[in-house]
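> As listed in TrEMBL for this protein:
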- B:10-469: domain 'Cytochrome oxidase subunit I profile' (DOMAIN)
- B:12-34: transmembrane segment (TRANSMEM)
- B:54-75: transmembrane segment (TRANSMEM)
- B:91-112: transmembrane segment (TRANSMEM)
- B:132-152: transmembrane segment (TRANSMEM)
- B:164-185: transmembrane segment (TRANSMEM)
- B:197-221: transmembrane segment (TRANSMEM)
- B:233-256: transmembrane segment (TRANSMEM)
- B:262-289: transmembrane segment (TRANSMEM)
- B:301-322: transmembrane segment (TRANSMEM)
- B:342-362: transmembrane segment (TRANSMEM)
- B:382-406: transmembrane segment (TRANSMEM)
- B:433-453: transmembrane segment (TRANSMEM)
């Protein structure tokens, strides 16, 4: 179903006004009863519209949809480039490169993503960081953290890791040892398994089509768009 | 002073608990604000995330407790009888307080757990605003059900339903029903945040607004003697405008979380109309102020009611509108702009409403017929809290604009861009000003606390009251 925002706006307002006026006819506009009808009708129209839109949205943000890829996307090369037709940045996907030196099956990837989300909630990441822009503002946004140039520029040399994912894992297990400025992430006692899951989660999150948020992020190209 | 219904005594318990939790909110907020300036403070012991969680959770809980207190105060008056399940209501109060105490202790001493379902059930769910572990969610839902049951059963027992009660019942059902939308786990963060906003947005920008409309309606009716017909007509207009704009205004949280593009237009359109009902409330408040020449038997209650109308318009309306259109929100989303808006909006819309209700109740329980509740301390607290919140909001607004401009628009939203913006003098200075006004706020809270404890009991107040009387 393709939904146009303007049609929704015009239809909800039109329905609210017309149905309210029809049902409240005969009542003076200064009577409470007139506004009671308007309140009930307007609220109902909005609730019904929200439910219909939610049904459509839930379908479109389910894992495996165009906007929110399957967990196995962690095996692919992920980029973030400007699409001039959409006038917005969007994720792009390249060849299969694996993660932590292996290619994860769909089931393995899903288990990893579930674990990653549990770790993110259990460590309360959202009360310092933002994820998809929501959370607290004490630490950087993590929406495209997987694509952040700082891992290669600063954290890989600091940790001596051979790959970005290894550097992220080491950083997450001992963030207190690798301060990037005067606010330091505390050590939240992540096990190696948990750190791997969080890295996978961050990679998976960077693949979500967020309508161009964050804008203006440095482009990350992939070798061969598929 | 009339004899109190049991329900009204329960209301007082709720309000005192709320005021104590208000203090806890401020304490943890102050620590968090200081950590922006000195991040080593309590680092590793009481990390920012824990303070921030306590800061916002204490707020949600104390505001809800105040609302429940307001309901329990006015319900027997409106229905002209004792609340039906009052024993159940009291039991629910203890369950609520007990659950909150345990959750706070776990937050303070356990703080976080390993990445499994045990943590989600017994330590924290780690989802901003609704971090409470699942077991506590169940207690909250049970408490909410008893409140809803009491309202509905008492209304039925009284054999009459007023317009205000009708709105209250529908709103409570929606409010508490929505909480359940936040009680599940999904690995899909887009899905997670989609439903999470159903709770957070449809609470604070829809059902809470209507609930406060009901409570402020009762307050104005009993404090100023505004006729029921006018209150009910206004309430219906409020419901139409709040639900008419706020329900689809939910779309302004669906711009960037993976949800489809039509939300940009729908969310932008309806959320930019969300200030309309708030303007209507200010019109009402100004009209009432003029009609009564600001005279009433309960000055602090009246002034907090005005603070509510104006604070709601500025905090929720103006500061919300500042960054609600997707064209600016693409850059300002997830910056200190949201913190600026959040601080002023919660204070204006909900803190002020609770304080107005609490002062009204204190006047009713402590001041004899023919006397007025007034004095000096409430004025100091009133001015101090308002100066404090506007100061914090102003500082956070500067921080938010700076972050939007430097981190997002100029340097491209990376980790390094974040650091550059945070280290910019405009942000560093802003965090200091926020702390300064935070201290002003918390000192004013202490004056408020003193006044709440002693209002209507002080010698000097009685004298003044006699003069006025």
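Each Cβ is built from the backbone N, Cα and C atoms, and glycine gets one as well.
Help me picture these features in the structure, burial and contacts included.
Residues 41-42, 46, 48, 51-52, 54-55, 58-59, 61-63, 65-66, 68-69, 72, 93, 97, 100, 104, 351, 354, 357-358, 361, 365, 431, 434-435, 438-439, 441-442, 445, 449, 452 of the same chain lie 6 or more positions beyond the ends of the transmembrane segment (B:12-34) yet place their CB under 8 Å from a CB of it.
Within its own chain, the transmembrane segment (B:132-152) has Cβ neighbours under 8 Å at 7, 57, 68, 71-72, 75, 83-86, 88-89, 91-93, 95-96, 99-100, 102-103, 106, 119-125, 165, 168-169, 172-173, 175-176, 179-180, 182-183, counting only residues six or more beyond its boundaries.
Sequence-distant neighbours of the transmembrane segment (B:197-221) (same chain, 6+ residues past either end, Cβ-Cβ under 8 Å): 63, 67, 70-71, 74, 77-78, 128-130, 164, 167-168, 171-172, 174-175, 178-179, 181-182, 227-228, 231-232, 234-235, 238-239, 242-243, 246-247, 249-250, 253-254, 274, 277, 281, 288, 301, 305, 308, 312, 316, 345-346, 349-350, 353, 356-357, 360.
Sequence-distant contacts of the transmembrane segment (B:233-256), counting only residues of its own chain at least 6 positions beyond either end whose CB sits under 8 Å from a CB of the stretch, comprise 163-164, 167, 193-194, 197-198, 200-202, 205-206, 209-210, 213-214, 217, 263-264, 266-271, 273-274, 276-277, 280-281, 284, 324, 326, 329-330, 333.
Only residues 6 or more beyond the boundaries of the transmembrane segment (B:262-289), in the same chain, are considered here, and those with a CB under 8 A from a CB of the stretch are 205, 209, 213, 216, 220, 224, 226, 234, 237-238, 241-242, 244-255, 305-306, 308-310, 312-313, 316-318, 320-321, 324-327.
Listed by sequence, the residues of this chain that lie at least six past the ends of the transmembrane segment (B:382-406) yet keep a Cβ under 8 A from its Cβ atoms are 300, 303-304, 307, 311, 315, 319, 323, 328, 331-332, 335-340, 343-344, 347, 417, 420-422, 424, 426-427, 429-431, 433-434, 436-438, 440-445, 447-448.
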> With Cβ-Cβ distances below 8 Å as the criterion, list the same-chain residues six or more beyond the ends of the transmembrane segment (B:342-362) that contact it, or say none.
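Residues packing against the transmembrane segment (B:342-362) from afar: 8, 11-12, 15, 18-19, 22, 59, 62-63, 66-67, 69-70, 73, 204, 208-209, 212, 215-216, 219, 222-223, 298, 300-302, 304-305, 307-308, 310-316, 319-320, 373, 378, 385, 389-390, 392-393, 396, 448, 452, 455-456.
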> Under a criterion of three or more Cβ pairs within a distance under 8 Å and sequence separation of at least 6, are the transmembrane segment (B:91-112) and the transmembrane segment (B:433-453) in contact?
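Touching, no - the transmembrane segment (B:91-112) and the transmembrane segment (B:433-453) miss the threshold of 3 or more Cβ pairs under 8 Å.
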> What residues in the same chain, six or more past the boundaries of the transmembrane segment (B:433-453), come closer than 8 Å to it by Cβ-Cβ distance?
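Answer is 19, 22-23, 26-27, 29-30, 33-34, 36-37, 300, 355, 358-359, 362, 375, 377-378, 380-381, 383-385, 387-392, 394-396, 398-399.
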> Restricting to the domain 'Cytochrome oxidase subunit I profile' (B:10-469), what is the model's mean pLDDT?
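Summarising the domain 'Cytochrome oxidase subunit I profile' (B:10-469) by its mean pLDDT gives 94.
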